[in-house]
Amino acid sequence: MAKVKVKTGYVCSDCGATYPKWQGHCSACDAWSTIKEVRLGAEPRAGRRDGFAGATSAVTLLGEVSCTEEARFSSGSEEFDRVLGGGFVPGSVILIGGDPGAGKSTILLQTMCHAASSKEVLYVSGEESLQQIAGRARRLQLPLDRVKMLAESSVERVLEAAESERPEVVVIDSIQVMQSAGIDAAPGGVSQVRESAAAFTCYAKTSGVVLIMVGHVTKDQSLAGPMTLSHMVDTQVMLSSTEDARYRLMRTTKNRFGPVNELGVFAMTERGLREVKNPSAIFLSRTENAAPGSLISVLWEGTRPLLVEIQSLVVSAQYGSPRRLGIGLDQNRIAMILAVITKHGGLVLSDQDVFVNVVGGIRVLETSADLAVALAIVSSFRNSVLPQDLLVFGEVGLSGEIRPVSNGESRLKEGVKHGFTRAIVPKGNAPKKEIAGMKVVGVNSLAEALDAI
Ligand code: TYD
Ligand code: MG
């Protein structure tokens with residue numbers, strides 16, 4: 001009997017780079033001890049291509065490609081639709097990542113039960129039993145009669161079922177438990193995840209179904225499995241929990257069919273995930289007595305404002321070099337703001353430990369909180385309390401200038417709605433017409449801002 005030649009390769013479990021020989025260090029992503037021997041499929045299976053984007057055809061002129069406006073359809077949840085950029089695009093592959101308990105299965109179960117009223121839905125669960133899922137759906141009082149369920153972890157059998165059922169939306173919960181017969185490796189490993197995801201992606205692109213894969217994340221918040229997974233999918237959505245676990249935040253980190261800056265907010269209740277339609281003030285907790293170092297800023301998340309509390313603590317460093325720590329903020333940004341405060345604000349912070357925290361587990365991704373961070377640091381350093389009805393936003397530049405940010409007037413109006421009566425903002429953002437109920441001070445430089453407090 002002819003011996004089947006088994007092809008093996010060495011693959012980095014972090015970035016998916018392949019090597020002909022084992023080595024301790026991955027030269028592609030600089031990680032150590034991540035390269036493992038994997039058994040590759042004996043033959044590349046017909047029709048399987050990584051990140052394959054549709055049926056192959058001859059070379060065509062771009063202008064001659066006929067295209068129909070992609071008909072998006074709703075996921076059944078307004079917040080989810082907003083994060084996706086307006087609903088599901090047929091033939092797209094969506095990856096939903098998040099910690100265990102983030103609510104990935106819950107949000108998918110809820111939306112799929114509603115989407116099933118107008119679309120054929122197949123929900124494949126490899127983690128929970130159908131009894132568990134049905135129990136949860138009943139408890140959440142979801143319409144259950146139209147969702148097709150399958151408890152399966154074999155890629156081939158899932159695809160077989162999909163061929164015969166012809167669904168329009170397929171959910172794979174989760175990609176880490178899927179197993180392809182052609183690959184001789186444990187589920188959850190690099191090669192299994194990659195092969196399974198590639199097979200599902202190819203299926204979605206050729207059949208036009210919306211394919212949603214659930215993916216677990218590792219401790220450092222990156223998706224478990226090969227990085228190629230992110231390259232393969234069209235949209236990557238991350239679900240995370242706030243510090244007090246009451247809210248769930250949904251953000252896209254990659255989107256081929258829409259913007260990536262939208263934030264979806266849900267509240268986790270005993271009746272499942274509820275949409276928070278107006279989340280602008282959910283992270284504010286007003287206390288009776290204001291403390292030094294605390295200040296409210298307003299971020300712009302996609303299309304909506306979000307009020308956040310910035311807290312800072314400046315204490316003299318006890319030993320060694322002073323510590324600079326930011327939670328919810330970029331570390332480099334804090335270092336830069338400290339340098340600007342030293343140079344242009346005339347404060348000496350070189351012997352101080354500086355801690356900055358964004359309350360509520362929010363991550364600040366834009367520069368508009370710079371000025372609030374700077375003033376919060378100064379407020380803590382001077383041990384002076386800032387007024388509780390003060391709102392601050394603006395970008396800090398290296399020469400101490402305060403630059404305007406987008407949507408200035410809308411940010412101010414949101415502040416008025418929540419009872420703020422004064423604001424320190426970049427001069428460029430100061431409204432030409434006075435906003436009723438709000439005294440706005442426009443500043444050009446950090447020195448001017450320090451004079452204003
Ligand atoms: P789940 O969707 O199972 O998380 P994942 O699939 O991302 O691992 O969510 C489980 C968590 O959500 C769990 O901590 C309990 C909580 N939960 C509620 O608080 N209320 C509910 O109605 C449901 C269904 C879950
Ligand atoms: Mg789950």
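Note: Cβ is positioned from N, Cα and C throughout, glycine not excepted.
Summarising the annotation, TrEMBL assigns domain 'RecA family profile 1' to 69-217. The predicted model assigns the domain 'RecA family profile 1' (69-217) a mean pLDDT of 91.
The ATP binding site annotation in TrEMBL covers G98, D99, P100, G101, A102, G103, K104, S105. A 10 Å cutoff on Cβ-Cβ distances gives S105 (ATP binding site) a total of 23 other Cβ atoms nearby, all chains included.
Taken from TrEMBL, the feature motif 'RadA KNRFG motif' applies to 254-258.
The region 'Lon-protease-like' feature in TrEMBL is assigned to 353-453.
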Close in space, distant in sequence - K104 (ATP binding site), Cβ under 8 Å, 6 or more apart:
I96, G97, G98, D173, S174, V214, L239
Residue numbers, six or more beyond the limits of the motif 'RadA KNRFG motif' (254-258), whose CB comes under 8 Å of its CB atoms:
70, 84-86, 89, 92, 230, 233-236
Neighbourhood of A102 (ATP binding site), C-beta criterion under 8 angstroms, separation at least six:
L239, S240, S241, R248
Extra residues within 8 Å (Cβ to Cβ centroid of G98, D99, P100, G101, A102, G103, K104, S105), ATP:
T106, L239, S241
Counting by DSSP, what is the helix, strand and coil composition of the region 'Lon-protease-like' (353-453)?
36 helix, 25 strand, 40 coil
